[in-house]
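Visitor: Here it is, the structure, as structure tokens.
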Amino acid sequence: MKGQVVRIIAGFYDVVDPKNRKLYPLLRGSGLLRLNETSPIVGDFVDFEEKGFIKKIYERKNQLIRPKVANIDQALVFISIREPNFSSLLLDKFLLVIEAKNIPVILLVTKIDLDSNFENLLLDYQKMNYNIFFINNKKNEIPVELKAELEKKLNFVIGQTGVGKTSFINNFLDKKFAIQEISQTLNRGKHTTRVVQIIEKENFRIIDSPGFSSFSYSEISKNEIRNAFKIFKKFSSDCKFRSCFHFQEKTDQCGIKRALKDGKIPENRYKNYLYFLGKYEKKNY
């Protein structure tokens, strides 16, 4: 049988059959997988026995190391305007990793009711053609257009603590109902966010993870950093040298610097890139 890993607890794997959405709890990895030091992660497609072991892990289309998730269709990046205050550096940290993995991104900007200047803070990202939705936490409404974007996809949720991820999941998936159903099936008590897991309702699936503190870009190589951002990939093809890091090179030799000079890349995005590059050089990831 083929299924997808939706949760891992203490070496046991919960697998869902994608055809009928039936849950198969408490599976273990086979001896062959353990011999090869291979372990499934949340999001993996696997072959399994109904009351036994996971026998095979299928090739992943993408993967994050921290948190360990695979086969993401798109990432929902939460960022708040206030409480906590908006930070382009933090937002670009998330985007650096996600775009390096070629994962499509939707930006969900929360707490817009706390600052009337919220749209100006995101102007650079609008100019870079990011898909952005503004969320008013007081209204507790989810745009119909956003629901359409999320349907029939595996959506990875990431964002700083306190930006409204939990409220969104509760509101969007009726989380209490979904988790109660799973808890009764597995007899595991109430849900906590100490584990990465896929929560679903009807045609919507969201990867719930412990929080942004475990989100790491240490897995990205120096070569990936220089062309990680989607907009950098677009203009780096105009660089004279394939090894260009868009830093010490002359403007006429660097496609990124020319795009920056022409206003096609926001100055703040370039400054954040230099910050990440400097962190890499200091090995302080």
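From the backbone N, Cα and C atoms, a Cβ is placed for every residue, glycine too.
Below are the features I grabbed from Swiss-Prot:
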| type | residues | note |
| --- | --- | --- |
| BINDING | T110, K111, I112, D113, G159, Q160, T161, G162, V163, G164, K165, T166, S167 | GTP binding site |
| BINDING | C239, C244, H246, C254 | Zn(2+) binding site |
| DOMAIN | 61-215 | domain 'CP-type G' |
Visitor: Just to confirm: which same-chain residues, 6+ apart in sequence, have a Cβ under 8 Å from the Cβ of K165 (GTP binding site)?
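Guide: Non-local contacts for K165 (GTP binding site): F78, V157, G159.
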Visitor: If I take the Cα of I112 (GTP binding site) as reference, which of the binding-site residues C239, C244, H246, C254 has the closest Cα?
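Guide: Nearest listed residue in space: H246.
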Visitor: Which has the fewest other Cβ atoms within 10 Å: T110, T161, S167, the binding-site residues listed?
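Guide: If we count Cβ atoms within 10 Å for the binding-site residues T110, T161, S167, the smallest count is at T161.
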Visitor: Taking every residue in the domain 'CP-type G' (61-215), what is their average pLDDT?
Guide: 84
Visitor: If you measure T110 (GTP binding site) to H246 (Zn(2+) binding site) at Cα, how many Å is it?
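Guide: Here the two Cα atoms lie 33 Å apart.
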Visitor: List, in sequence order, those binding-site residues among T161, V163, S167 whose Cα sits within 10 Å of the Cα of C239 (Zn(2+) binding site).
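Guide: None, since no candidate lies within 10 Å.
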Visitor: Rounded to an integer, what is the Cα-Cα distance in Å between C244 (Zn(2+) binding site) and T161 (GTP binding site)?
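Guide: With the alpha carbons as reference points, the distance is 36 Å.
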Visitor: With the Zn(2+) site defined by C239, C244, H246, C254, which remaining residues of that chain have Cβ atoms positioned within 8 Å of the Cβ centroid?
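Guide: Once C239, C244, H246, C254 are set aside, the remaining close residues are R226, S236, K240, F241, F245, E249, Q253, G255, I256, K257.
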Visitor: Between H246 (Zn(2+) binding site) and T161 (GTP binding site), how far is it from one CA atom to the other, in Å?
Guide: 33
